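Database features, via TrEMBL:
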type	residues	note
BINDING	A:H78, A:E99, A:H116	Fe cation binding site
BINDING	A:C84, A:C87, A:C124, A:C127	Zn(2+) binding site
Number of protein chains: 2
Amino acid sequence: MVETARNTRQRRAVGAILDDLDGFASAQEIHDILVRRGDKVGLSTVYRNLQYLVDAAEVDSLRGDDGEVLYRRCSAGHHHHLVCRDCGRTVEVEGPAVEKWADRVAAEHGFSDVAHTLEVFGTCSECGA
Amino acid sequence: MVETARNTRQRRAVGAILDDLDGFASAQEIHDILVRRGDKVGLSTVYRNLQYLVDAAEVDSLRGDDGEVLYRRCSAGHHHHLVCRDCGRTVEVEGPAVEKWADRVAAEHGFSDVAHTLEVFGTCSECGA
DNA sequence: TCTTTGATGAGAATCATTCCCATGAAGGTC
DNA sequence: GACCTTCATGGGAATGATTCTCATCAAAGA
Ligand SMILES: [Mn+2]
Ligand SMILES: [Mn+2]
Ligand SMILES: [Zn+2]
Ligand SMILES: [Zn+2]
């Protein structure tokens, strides 16, 4: 028998919230939504399941200004994010020119095993009214 | 009388450590160095002075993988960093193309007040041997 | 139904950072 | 130098997100 993650009520509940969300949200925000809905899920369990999903590359995470980790279900493949710092609404964006720039700069200075982090923050049109 | 920051022994000590450092270091690492040297400076004071320097744009800060904030005295003007994930050695880099890309992408989606974070991590030539 | 074992959750623990506030010491004035 | 005003310091408490512990629960298969 192949090991398989158990399909618990709590795991489904966390997944359902992520499906409904537009933008990034913190573990505690997701927990609050669950509590408000009446779904009883422990905070530890929310953290645990979010981490499972990150490890499975089903969810992207990034750190907000205040250091809180934010989560969002994203499409597969390398991309970056344009995030509204007020409402969290997020657009996935690609930047081939940026990828090339990062690799070139790293090579010029003799760096190998290169990776990069890039996020764009702003105020979305709705929040800017 | 114009308000002016007081030139304390502790402030000079923190500044001296930053002058000697090549790469990014955490507040606690800087505090440890001070203690090892025999300079008596409180941890709160290290945090406070680092924050003063960040506000004065004399020091750049970024968040490491583990969420710790790292500090480094940097040149003025907008730039990014190529950081060795082994030894911390850091190269300041500029990417005009990246700046334009970020602004354009944000504008295309109606975002205002745009800012971005971009760091490149790798293994430097010395550490890659 | 029964067994096995990963999953859950309430609270404790961790850890970086910030806050509090009594005390210290810059730096100006005479 | 003596004195004053006020910002700076530092030790410990508080904060807050996240992780850990472990007794208990419940998937999933037999
Ligand atoms: Mn990229
Ligand atoms: Mn830039
Ligand atoms: Zn918004
Ligand atoms: Zn290195």
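Cβ atoms here come from the backbone N, Cα and C positions, even for glycine.
Closeness to chain B is evaluated for the binding-site residues A:C84, A:H116, A:C124, A:C127 by Cβ distance, with values under 8 Å counted; counted residues in sequence order are A:C84, A:H116, A:C124. Taken in sequence order, the binding-site residues A:C84, A:C87, A:E99, A:C124, A:C127 that lie near ligand 1, meaning a CB under 6 Å from one of its atoms, are A:E99. One way to see the shell of the Fe cation site is to take the Cβ centroid of A:H78, A:E99, A:H116; the remaining same-chain residues with a Cβ within 8 Å of it are A:H80, A:G95, A:V98, A:A102, A:A115, A:L118. Less than 8 angstroms from the CB of A:E99 (Fe cation binding site) sit A:H78, each of them six or more residues away in the same chain. Around the Cβ of A:C124 (Zn(2+) binding site), the same chain contributes A:C84, A:D86, A:C87, A:R89, each under 8 angstroms and 6 or more positions distant in sequence.
Among the binding-site residues A:C84, A:C87, A:C127, the residue whose Cβ has the fewest other Cβ atoms within 10 Å is A:C87. Shown are the binding-site residues A:H78, A:H116; the one with the most C-beta atoms within 10 angstroms of its own C-beta is A:H116. A:C127 (Zn(2+) binding site) sits 29 Å from A:H116 (Fe cation binding site), counting Cα to Cα.
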